Structure formats: structure tokens, C-alpha cells
Amino acid sequence: LGCQHYQRNCKLQAACCEKIFVCRFCHDEASDHAIVRVETKNMLCMLCKTIQPAGKDCHKCGEQMAAYYCDKCKLWDNIPNKEIYHCDDCGICRRGKGLGEDFFHCMKCNICMVISIKDKHRCIERNLESDCPICGEYMFTSTAKVIFMPCGHCIHKHCYETYLQRAYQCPTCLKSLCNMEDYFNRLDQELQRQPMPAEYENYLSYIFCNDCEEKSVAKYHFFYHKCKNCKSYNTTVLKTENKAKASSEKNSNDINTTLHEPEAETATGAEPESSLAPTTHHNDIQDHSLLSQAGDAANHIIGALSSLSLLNHSNSGRPGPSSSTPRNENRDT
């Protein structure tokens, strides 16, 4: 007896609408409001059809409603050998043997975690009280397994395994989810074999590294910029600059400041007409010429890099779920 969510010999009567449902999930799927399960007062025995106060046993027929019953959560579960415990700090029942046995509750993260990472995990305040970054389900009360990535952020285990087939960055903070050293070494070799066109020799990119969180400067590239601090290619471009143009403009401004004295105001106090005339620099014209060549150059680079895993999903070097082991799992019942 029961539903697709739980095995049990009773149904609950929702305090909000006084309707009968097998479980809270059945109520929420059929209603335009969410049940507050702790407010549940009554149950319906599915064996003798008697409505009565919620409890582990039927007051009329004496049958047990479920092997596990939590009077705080109003949770019945009759699956044999299923380990469940109640956490007062979480305010709900969770899967496991219990606090102090295989789980502990981190007060800062406000999560029950496996006891093996008690002194090793990265604390993020109220970590689990958020939506899964992939599917959007609220993870604190999710019945699906939730894991903690190396950076400390949470994600559903099944979402993590699917996501890792096409990306290597945490979807929340963009840090690398596994050891990318081999992949970054291959990028070094490929970029050395296929350098950027000479027209871009003077271009620089100011970058932020998502792994070490340091800023640095790298030679401009259409796709990849290497962090000088930790050698990671997991970077974000903040700004790109033509250093030759910047130097030329600085020198030109210095010369103009030195050679031109401020001109006297006219009788009406207006600025001289010549000072409002637009100025066209040779470097601006040259930049437009370089940009017109960018399309062909980019296509050339893409062809050279197509053998790498981020541009070719069939590459055997692509990081997969086996390359990173989930550090913990948690779920509501």
C-alpha cells in the first residue's frame, strides 16, 4: 500500500484543506498550495478506513501504519531496511543511521553531512538552502541525492554526472571540478604549434583566474588565456588592449600638452572653434583593418583546436564523472 513516493498503510489529512492524500508530494502535485506537514493532525487507516489522530499504529484495527514513523514530521515509511533519522536542527527527517553514527550537523552550513568530512569540508553559510544550479529544484528538502563539489557548492548527484560530460567548471563559482593539469598541458602544446596571427602580436588581455582568484595579463587569444599565477586556463577576460596603440596615444597626449599653450577666451567666453574639431588617429584606422581579418583568423584557430576536448565531445581526454569523486551526499526523505 502507499503511492509512488512512499510505502505506508495510511493516508494523511492535510490541515490546510482537510483533504485526504497518501503523502505530502501527492498533495502538492494535486493542489495550488504546498502542505505544511508538521501541522498534520489526522490520518486515515487504509486497512479499516478509519480517520483518527496521526500515529504509528491504528487505534481501531491495531495494525502498524509503517515501520518508521516520525511524529514531528508526520512521516510514515514502510520500506524494509531503509535507514531514516530525524534532525532537529534541519527540522526534517533524513536518510542515514543517525547523528553521531554516520552523519553530523554543521551549524554554519545548516546541513547534515557524512561524518568522514567533519573537519575537512568548506563551510558555506546555509549552503543547502538553494536551488540546484542545473535543474532548479530546492535542494534542502529534495529527496534526490545531493553532493558537495570540491569547491563546496551543492548539486544533485544525477545533475552533476550529466553536467560533467560537457563542462568542467562549477556552475555556481566557475572553479575547476577536477584536476585539469593534463588538459591544460595539451592546450600549451597546441597553442605553441598554432600561434596567433602576427597582426595580434601587440594585443594583451587582462584576465581573472576562476581557480586561484588572481588577476594577471596574458597575450591575447581568441579562446584561451593562461593564468600566470597558477597556470590554469580557467580564466575570464576582463579587458583587451592594443599596447602599441595605447603607448602611441599616451605619447601623442604628452606632446600636445607640452607644445600647445591654452588659448585666450573670445569676447563671449566661448572656446576656440578649432578645439572642438574631431581628431582621427592612424591607429584607429589600423584597428578597423585588423578587426576585418579576425573572422578568417578565428576560423583558422578553431580548425587547429578542434582536436581538443572542449571543442570535440568525443575526445577520450574529456573529464567525466569518474574524474571527480563526490565528497558527500545528503537527502530529505
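Placement of Cβ uses the backbone N, Cα and C atoms for every residue, glycine included.
Computed from a predicted structure; not experimentally measured.
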Quick check on the annotations: TrEMBL lists region 'Disordered' for one of 241-261, 262-282. Which range is it? 262-282
Looking only at the domain 'CHY-type' (1-63), how are its residues distributed among DSSP helix, strand and coil? 10 helix, 16 strand, 37 coil
